[in-house]
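Asks: Annotations for this protein, taken from TrEMBL, read as follows:
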- 39-288: domain 'G-protein coupled receptors family 1 profile' (DOMAIN)
- 23-46: transmembrane segment (TRANSMEM)
- 58-77: transmembrane segment (TRANSMEM)
- 89-118: transmembrane segment (TRANSMEM)
- 138-156: transmembrane segment (TRANSMEM)
- 202-224: transmembrane segment (TRANSMEM)
- 236-258: transmembrane segment (TRANSMEM)
- 270-290: transmembrane segment (TRANSMEM)
Amino acid sequence: MSNSSSLNEFLLLAFADTRELQLLHFSLFLGIYLAALLGNGLIITAVACDHRLHTPMYFFLLNLSLLDLGTISLTVPKSMVNSLWDTRAISYLGCAAQVFFFFFLFSAEFYLLTVMAYDRYVAICRPLHYGTIMGSRACVKMAAAAWASGFLNAVLHTANTFTIPLCQGNVVDQLFGEIPQILKLSCSDAYLREVGLSAVSLFLGFVCFVFIVLSYVQIFTVVLRMPSEQGRHKAFSMCLPHLAVVSLFISTVMFAYLKPPSLSSPALDLLLSVLYSLVPPTLNPLLYSMRNKELKDALKKLVQWVHCQHQ
């Protein structure tokens, strides 16, 4: 294949070769997908319907659940269909769309987690100014900035990647379309443009990471000085779910993309792709609801209402 214009489809990495393992893969991914849909769907519905949750923290949580739903819906159904029908193919345009939306949602989620860290910082370190700083218009602007930044990031990377000539076949060693795997198919030095763009994105990501770390240093400094044990417990209940989500997100992505080349193998890359594309969207609702009494109460009311409607 001389260039990308002659490509009609890509071949994704097969999760399993035997029919039994393919069906096991389908069943496992179906269970994970349904759990993610249920968890994130419940949070979105609870936040939207319960007026007590109409606060900045839960507004950002609703946005996070929307991003998680988008991320897992982008990769898992296609992988399940491929296993069910014993195929590896994804169309050229389908792969480009998958790359674009995955990069968009993933980038927007990290920017949103940064905004959520700022929300926690203001709530705990500057409580008297919280209502002024985190007004409804400010929250909408910050959430919109996270979504818009992810969108711009995705446009630049996707447009650049799919204008690079590809001549190393059409086999993508991944469960879904991913830029590093597609760049391995390039046949010129044009991929260096993507390396430059990736360096800029990594720098922005590092800035966000430093901001989150500094925010939590300030937060824990204030919390540990609180005289009231009840106040400390409430502050930790507000922060620990977000800190757990950030840690899960960053650790899986860093291990997937910054691991030494000597550790790279199709099996490990496959495992890591499952780790960072499935685990955070599935576990985030659980992490946020475990220590959050307000959210648990809202979810109980929602479940009770649904139960009453079906009686």
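The backbone N, Cα and C atoms fix where each Cβ goes, glycine too.
Keep in mind that TrEMBL annotations are predicted by a computer and have not been checked by a curator.
Tell me what's around each of these sites.
Replies: Tertiary proximity for the transmembrane segment (89-118) is limited to same-chain residues at least six positions away from its ends with a CB under 8 Å from its CB atoms, namely 4, 7-12, 57, 60-61, 63-64, 67-68, 70-71, 74-75, 78, 82, 142-143, 145-147, 149-151, 153-155, 157-158, 161-162, 172, 176-179, 182, 201, 205, 208, 211-212, 215-216, 242, 245-246, 249, 253, 277.
Packing against the transmembrane segment (138-156) from elsewhere in the chain are residues 56, 59-60, 63, 100-101, 103-109, 111-112, 114-115, 118-119, 197, 201: each is 6 or more residues past its ends and has a CB under 8 Å from a CB in it.
If you look at the transmembrane segment (236-258), the same-chain residues 6 or more away from its ends with a CB under 8 A from one of its CBs are 57, 64, 106, 109-110, 113, 116-117, 120, 123-124, 180, 209, 212, 216, 219, 223, 269, 272-273, 275-276, 279-280, 283-284, 287-288, 290-293.
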Asks: Need one number: mean pLDDT over the domain 'G-protein coupled receptors family 1 profile' (39-288).
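Replies: Averaging the confidence scores along the domain 'G-protein coupled receptors family 1 profile' (39-288) gives 85.
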